[in-house]
Amino acid sequence: LPLLLEATLLRLASSSHHPFYNGFYYNRIMNDKDDGQEKVVYFNGARLLVETPKDPVYSSNGANVTLPCRYRYEPDMESKHKIRIKWSKLREDYTKEQDVLVAIGKTYVAFGDFRGRAHLHQAGRREASLVVSDVRLQDDGKYRCEVIDGLEDESDVVDLRLKGIVFPYQPPRGQYSLNFHEAERVCQEQGAILATFNQLFQAWSEGLDWCNAGWVADGTVHYPIRLPRKPCGGLHLAPGIRSYGPRHRHLHRFDAFCFSSALRGEIFYLDRPAGMTLEEAKQSCQDAGAEIARVGHLYSAWKFLGLDRCDAGWLADGSVRYPITKPRANCGPAEPGVRSFGFPSKGRFGVFCYKER
């Protein structure tokens, strides 16, 4: 029996001239131009193609978004199998971060944070588009649309980008006091998340110039420079993102670059003739059916709603700031921006309140 089995395997090996590839046999032959290039000839079926947009899909916090994905065959054919569709969220290096949704026919299951928010849009023939409702800051990133037909498995990637704003953040205890995990936490406390490098680069291209190094979401440390100067890498370097590269997430300490998107609510300003302490400011917002605004709320209102107020107000972290879209006398520098008075231990100011819709 062992000799018979060995003879059978040898016979199969010698008679199989074509390796098995992705559900189809193929043959390595010269192409028509005879230039040594290989081409693939498919047998027993057609080639499966998955197509997604090459340009990013843009959305914002709280919105609904559709990530387009379609599939087809060359030559055209009808599948003999039930098509399986799988969506995954990817890291920046295109490795899988988390499962989003798996579907067979009309039946689907969404996973994790996407449960109850993700479903397939299959209005057309061979459509596998993903709909995500109530978009969150964490949803920004790359998504893989994978279509599986029997042994054939093809995929393509959609880039979802949230319209938002990156802002540098230092806590009350001062500059370079945050390890990576603390940076993640303080951004979340300010109604934001730790920015990705791509978001920081976009902010730099729109004018962000900041000479203090800060963490971004992949554990690397950078700072964006528009105007080269001696304390910020030197006069000899061109404008750009200065990089410290990966740093130890527990031991090394820097500032943070936070990312916030459009607001789900509204910001309004309250004041008293004599001003308020921080605790009085918090209570005033509560009395108005709101909460004291966070730093991310104020930046978002300045960026997306054009909030312009030349009156300083308390925020939830104990800082005092005010947003200026139209620079004018007695309202700080000549450029638009969110002005900061730091973290005063004393003083009486107005307050910015935030109310969820």
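Backbone N, Cα and C define each Cβ position, glycine as well.
What TrEMBL records for 46-158 is domain 'Ig-like'.
Under the heading domain 'Link', TrEMBL lists 165-260 (among others). Helix first, then strand, then coil: DSSP counts for the domain 'Link' (165-260) stand at 22 helix, 30 strand, 44 coil.
Annotated disulfide bond per TrEMBL: Cys211-Cys232 (among others), in sequence order. Long-range Cβ contacts of Cys232 (disulfide bond) within its own chain (separation 6+, distance under 8 Å): Cys211, Tyr223, Ile225, Arg242.
The feature domain 'Link' is assigned by TrEMBL to 266-355 (among others).
The disulfide bond annotation in TrEMBL covers Cys310-Cys331 (among others). Long-range neighbours of Cys310 (disulfide bond) (same chain, six or more residues apart, CB within less than 8 Å of its CB): Tyr322, Ile324, Arg328, Asn330, Cys331.
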Please report the number of other Cβ atoms within 10 Å of the Cβ of Cys331 (disulfide bond).
15
For the domain 'Ig-like' (46-158), the DSSP helix/strand/coil residue counts are 6 helix, 61 strand, 46 coil
Within the domain 'Ig-like' (46-158), what mean pLDDT does the predicted structure show?
93
